[in-house]
């Protein structure tokens, strides 16, 4: 082997050793950087996500955090236009005089609790209404079913009256409502008006509900169906700007998710399960009624559910129950603070009468102090809803939180 070959081998070997050494040094340096990076306290987005929403149809049972002081509550100002509610159900905002529940018996050792006001509807006998006034009221009711802040509203302008029985159900992943205007200028609900005919139609698709916001695909399918109907009747249809409405849908859904809270107060048995007959008597004394599914509902005078008594595991009632739960759907209840006070009094009475423990969904004992903390947080939630123009328990709230 010549000197040239030996020199080449030596140089090649030196290069291999140099490359290997460089790679080892690079690997050591990157490992050191990686270890340093992962040693930092990085926030876990999933673990730190606030658990206070009940969206997309899941059955998550949550309550506001009990440890948060009232002063720490953050008010988020609304960005959407204030919603015009129009005509809503009679009982919204109507709270009657205080009446002590017949089941309430304060302990001898403790000072008596102040009984809550039971939400009631003030009933008056209406005076005879002229036909013109009734016509105007019907128009207002029909118009209130569509709200530009809650709905994507397509307007159909027909040259010839379209009979009501020729108007099909328009497809939509969300609530769809159709109202029509006849030659008399009155707006009416279309479906069910088989003898009516309309030269103007408004077809509304709701922007958001508990399943989430309206998507572009859903909106495109709706618009295509409305356009095909209009073309088939030689009518002109106008649509709002789609991109703006999709953005409004996402914003509306984000707000609704921030206030969509389901409170669960649970009564857990100590040693033996609660006899259902005893539970039934206590529920009926609290003016609750049993529904066909077996659960007990506390209702307003107009028949709307305010809170529910059921088995904690949501199974049908048998002869006994090891654990009961009282469910309070926060945004769907009108006069929510007064109803929550009544709910708390009943929950305390129920636990005392049955000899059970009153706890939250995490098993933490609930006292009058902790219930008071929840009450204050509810006040913040309801204030945010009012600021947004979505009155708790109103027509708008029942639509959005469905």
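Cβ coordinates are placed from backbone N, Cα and C, and glycine is handled just like the others.
Listed ranges 36-69, 70-103, 104-137, 138-171; the one TrEMBL annotates as region 'Disordered' is 104-137. Assigned with DSSP, the residues of the domain 'ZipA C-terminal FtsZ-binding' (259-378) fall into helix, strand and coil as follows: 44 helix, 36 strand, 40 coil.
Mean pLDDT for the domain 'ZipA C-terminal FtsZ-binding' (259-378) in this predicted model: 95.
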